[in-house]
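Peer 1: Let me give you the structure first, and then I'll get to my questions.
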Amino acid sequence: MLPSELVKYKKNSQKIIALTAWDSISGSLAEQSGADIVLVGDSLAMVCLGYKSTLPVTLENMIYHTNAVSRGFSREIEEHSLLVCDMPFLTYQCGEDKAVEYAGKIIKNTYAKAVKIEGAEPEVQTVISRLIRMGIPVMGHLGLTPQSYLNLGLKKQGLKKESYEKIKRDALSLEKLGCFSIVLEHIPELLAKEIQTDLEIPTIGIGAGVFCDGQVRVTADLLGLSDKQPPFCKPIVDGKKYFGEKLKEWVTSERLS
């Protein structure tokens with residue numbers, strides 16, 4: 001799938017589903033589930049690298065894990081889920097030339113067909129515009145932006161009028177720049193609904209209500225494997241408890257055998 005194909009999903013009122021992945025096994029599970037998008041998110045910092053936030057993740061980490069994810073795909077590159085890679089902290093806030101270089105490394109050295117970038121500050125918009133002109137598709141990300149948690153925290157965004165209106169303006173700006181879709185994270189449902197109505201490109205929600213054109217979830221959260229479960233993601237199984245008990249049973253049985 002190509003990024004440009006997602007617009008057809010919105011026109012046809014076809015829900016877009018995205019899952020995160022971080023290695024070959026999770027990539028295989030995400031792709032075989034039928035997800036339209038497999039996102040190698042910088043959330044892998046917490047999911048598999050043991051960090052407390054996304055900030056320590058490097059460009060090399062993202063390239064390494066994106067390649068691992070793609071090796072789990074069963075279909076040909078032209079047919080499999082759209083593979084998107086997060087640009088980690090300080091790889092696109094460091095000037096246009098460096099951002100193009102780093103995004104280019106992701107696209108050239110992995111099977112990712114797009115990058116995701118958080119925020120819409122003027123400097124970030126300049127970078128997004130440049131990347132798109134250079135032929136690199138960009139997925140936007142507004143609302144709660146984890147890379148900005150030192151300034152904004154991890155709380156719900158858009159609750160005050162000023163923030164509410166800014167997120168709406170930023171969404172329109174990102175569409176105008178050429179983003180093929182926008183992730184809306186942890187914002188009021190009404191705000192997400194208004195943005196979805198205003199935009200021609202699809203919105204993909206996570207903790208943003210039911211009116212987005214699609215939904216994305218961190219796979220580890222869905223499977224109940226995360227240490228801290230976000231309030232907007234109900235696990236489909238208590239994976240940590242289930243697999244923990246099964247492993248204990250096996251260890252016990254092996255010791256007694």
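Don't overthink the numbers, they just go from 1 along the chain as shown.
Heads up, the Cβ atoms here are built off N, Cα and C, so glycines get one too.
Here Swiss-Prot flags D42, D86, E118 as Mg(2+) binding site. If you look up Swiss-Prot, you'll see D42, S43, D86, K116 marked as 3-methyl-2-oxobutanoate binding site, on the strength of sequence analysis. Feature annotation from Swiss-Prot assigns active site, proton acceptor to E185.
How about a rundown of where these features are and what they're close to?
Peer 2: In this structure, D42 (Mg(2+) binding site) belongs to neither helix nor strand by DSSP; it is coil. Neighbours of D42 (Mg(2+) binding site), defined as other CB atoms within 10 A of its CB across all chains, total 31.
Here D86 (Mg(2+) binding site) comes close to L39, V40, G41, D42, M62, V115, K116: these same-chain residues lie at least six apart in sequence, with C-beta atoms under 8 angstroms from its C-beta. In this structure, D86 (Mg(2+) binding site) is part of a beta strand by DSSP.
Within 10 Å of the C-beta of E185 (active site, proton acceptor) there are 22 other C-beta atoms, taking all protein chains into account. According to its DSSP assignment, E185 (active site, proton acceptor) is in a strand.
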Peer 1: Under 8 Å Cβ-Cβ from S43 (3-methyl-2-oxobutanoate binding site), six or more apart in the same chain: what's there?
Peer 2: T20, T54, P146, V218, A220
Peer 1: Once D42, S43, D86, K116 are set aside, which residues in the chain still have Cβ within 8 Å of the Cβ centroid of the 3-methyl-2-oxobutanoate site?
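Peer 2: Apart from D42, S43, D86, K116, the close residues are T20, L39, V40, G41, L44, T54, V57, M62, C85, M87, P88, P146.
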Peer 1: So the record assigns D42, S43, D86, K116 to 3-methyl-2-oxobutanoate. If I measure every Cα pair among those residues, what is the longest distance in angstrom, as a whole number?
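Peer 2: Looking at D42, S43, D86, K116 as a set, their Cα atoms extend up to 13 Å apart.
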